[in-house]
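> Once you've had a glance at the structure underneath, I'll fire off some questions.
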Amino acid sequence: MDFKLLGFVALLLLLLLLGSSCCGGQNLVPGYYKETCPAAEAIVRYNVEAAVVKRPRLAASLIRLHFHDCFVMGCDGSLLLDRKGQMQSEKDAFPNANSLHGFEVVDKIKSDLEQACPSTVSCADILAIAARDAVVLRGGPRWEVLVGRKDSLNASIDAANDLLPSPNSTLKELTDNFKQQGLGIKDLVALSGAHTLGKARCSSFNGRLHDLLKAQTNDKYQRHTTFLQTLSSICPKNDQELAPLDLQTPARFDNQYYLNILEGRGLLGSDDVLVSEKDGVVMGLVWAYALDEELFFREFAKSMIKMGNNNVLMGSQGEVRKDCRFVNIP
């Protein structure tokens, strides 16, 4: 028996196995651009900071771009593609249309990176790094972003319509949705904490506001009076007005979100279901994060890394776009 030949075959099979699993996200690494673009993260950070100082709301917007990219076909930058020819843009999907912001920040980052190190840093990686930096700038945790993603060659408006969570989702719908992304209950509760930042249109929670106002008439303790008065003053008639997702500390990334929902002051229906449906595991996590901000920060960072590894393109898959809005011209 030729043991050398058997050893070679075993090594070849191992390499093939590793290669076939590389693009599920396990082989993203820190420092991927250390040699090819050492200033990459500094360029992203500088631009995110400049944008957030000028328009604080953009911190939440940049985090949301990363979420909405990863939940459709994986973290591949498909969200950034503009409509062109037969390809529709995910930006025009119902959950995204006239709702997402921050694309111009990504454009500026990409332009600066192309000057520093052309055709090197992917748009998908820009989204992942920018989301982390936005969290840090608002007082949240810092984590090491694993990089090495490639950009997709197409987008899917249908997948965006089907897979992005609705602001009125039930707990089961949220759980099933996150499961499709390879994320569990702990990830769902931790990542929901991103709603400590940002704003929502009145149209996305008017139904919940109506139900709360109706319930308030039968509440002799009038527990939510100030909360409801504030929302009613923001959303008297115009569905397009914006209200902070966290009325208590709207500009700071903290664990106030969990305290809010425990007190019945979650803005969206999908926030409220974490407590109103009284799931023991979910409620336990909500209480844990409400009582321990450091724990929330650790779990949020872990879940962001896990989500960021979702169905990424690597190696020969995809490309590094020169302009995040369009695929490269052959």
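The backbone N, Cα and C atoms fix where each Cβ goes, and this holds for glycine too.
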> Which of C123, C202, C235 is the other half of the disulfide bond that TrEMBL records for C324?
C123
> Out of G74, P165, which of the binding-site residues has the smallest number of neighbouring Cβ atoms within 10 Å?
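Counting other Cβ atoms within 10 Å of each of the binding-site residues G74, P165 gives the minimum at P165.
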> Identify, in sequence order, the residues in the chain of H68 (active site, proton acceptor) that are 6 or more apart from it along the sequence and have a CB within less than 8 Å of its CB; answer 'none' if there are none.
L79, E90, P95, N96, L100, A160, L164
> Round to the nearest Å and give the CA-to-CA distance linking V72 (Ca(2+) 1 binding site) with C117 (disulfide bond).
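For V72 (Ca(2+) 1 binding site) versus C117 (disulfide bond), the Cα atoms are 28 Å apart.
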> Using Cβ-Cβ distances, find the residues under 8 Å from C37 (disulfide bond) that belong to the same chain and are at least 6 apart in sequence, listing them in sequence order.
L113, A116, C117, T120, V121
> Looking only at the domain 'Plant heme peroxidase family profile' (27-328), what is the model's average confidence as pLDDT?
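That stretch averages a pLDDT of 92.
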> With an 8 Å cut-off on Cβ distance to the D69, V72, G74, D76, S78, E90 Cβ center, who else from the chain surrounds the Ca(2+) 1 site?
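Going along the sequence, the neighbours come out as H68, C70, F71, M73, C75, G77, L79, S152, A155, S156, A159, A160.
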